[in-house]
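As structure tokens, the structure follows; a few thoughts come after it.
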Amino acid sequence: MRTNSYMFRPLFVFIGTRYTRAKRRNHFVSFISLTSMIGLALGVVVMIVVLSVMNGFDHEMRTRVLGMVPHATIESADPITDWRGLAAKVQENPQVLAVAPFTQMQGLLTHDGKVQKVLLNGIDPAEERKVSIIDHFIKQGQLDSLSPGSFGIMIGDKAAAKLGVVVGDKLTFVAPEVTVTPAGMFPRMKRFEVTGIFHVGAGEIDGFLGLTNLDDLARLHRWKPNQVQGLRLKFDDLFAAPRTSWEIAQKLGENNFYSRDWTRTHGNLYQAIRMEKAMIGLLLLLIVAVAAFNIISTLVMVVNDKKGDIAILRTLGATPPQIMAIFMVQGTVIGVVGTLIGAALGILAALNVSAAIAALEGLIGHKFLNADVYFIDYLPSQLMAQDVFQVCGAALVLSFLATLYPAWRAARTQPAEALRYE
């Protein structure tokens, strides 16, 4: 049966695959062929893993950070009294999924002589769940504990560790505003009780964000309990936020409303991630190209090693295109095998790189990613089939292109000249 199957296989495919498997007189050629295959496989592995990590950063940016910060806000120079009526107008836009009121105040948190700056967000717990995923990240306490008049506060675990507080402790919020009394001017301060601690994994949020009740922060501003600073908007399409929020603000413009969107606060970071993915992908593609073009040197040496065989095939009637096809098949087989091995190992590595790095960090007791520098303190990975296909496709194309020159040289071999030295 094997003999019959060979009969129906094109001659150049049969000889090309035999050359790939056959033992050579020149062991160095075999070694170079093996290293070319290994180099190509390693290039594919590294490219798949790195692109998966960049996808992970992109995904975490979208889900964690942009799940906590507003996609956009509609604010006014003066406190907004009828925020529910304003929210109804905003939600007339079909791209707006949800709206929630908010009020902000920057200040300092102090406890036992320790100080931590904070951006205090006044929220309505029931409304906040519509635009934020904070419930997913609460380690201790509940969001509903932020009831009106309780002056409770939820802070990130990083801020809690710096201040040395746990749930139930009291701390002092120092506002940047002053209270004028007959005795003079004093900074506005208020005692809060820690009712919960959250961990998002983003240093900016875990270290500097505080949550309290909307009415409590309004009282600290000396506003009426029903007055708010603005509305947080959640959009169906994240990238529609800049233009759509601007259009909404223009529609409400008679009351001096203005919009701010996530691209102003975190847009540079997101664009940096996208640009880094493109640049790193290009650099890694060059590494794959170098590995693929090692096939050139392999096939050149194979052609020199097989000049006698080429001459015999030519004298038996093989045409130059058939000779060329033999070595193109051989080089392509090397590229296909290297790419498939690299793809399999790359997929395996990409699926386990996060757990492996976490285990290594636990073993050596050191974090590779600092949340103060990066927006998360762990290495994320998200494998995408599109990236795998693109990497494998690029590796196969480069491998095929690398076969053209050696195969062309083989096709130009003159039988009489080659047999003279055999």
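Here, residue 1 is simply the first one shown, and the rest follow in order.
Positions of Cβ are set from backbone N, Cα and C atoms, glycine also.
The annotation transmembrane segment is assigned in TrEMBL to 32-54 (among others).
Annotation source TrEMBL lists domain 'MacB-like periplasmic core' at 33-199. Restricting the average to the domain 'MacB-like periplasmic core' (33-199) gives a pLDDT of 88.
Taken from TrEMBL, the feature transmembrane segment covers 280-303 (among others). Beyond its flanks by at least six residues, the transmembrane segment (280-303) meets 19, 24, 26, 28-29, 32-33, 35-36, 39-40, 42-44, 46-47, 50-51, 54, 310, 327, 330-331, 334-335, 338, 391, 394-395, 398-399, 401-403, 405-407, 409-410, 413 of its own chain at Cβ-Cβ distances under 8 Å.
Annotation comment: TrEMBL describes 282-415 as domain 'ABC3 transporter permease C-terminal'. In the domain 'ABC3 transporter permease C-terminal' (282-415), helix, strand and coil residues by DSSP number 106 helix, 0 strand, 28 coil.
The transmembrane segment annotation in TrEMBL covers 323-348 (among others).
The transmembrane segment annotation in TrEMBL covers 388-408 (among others).
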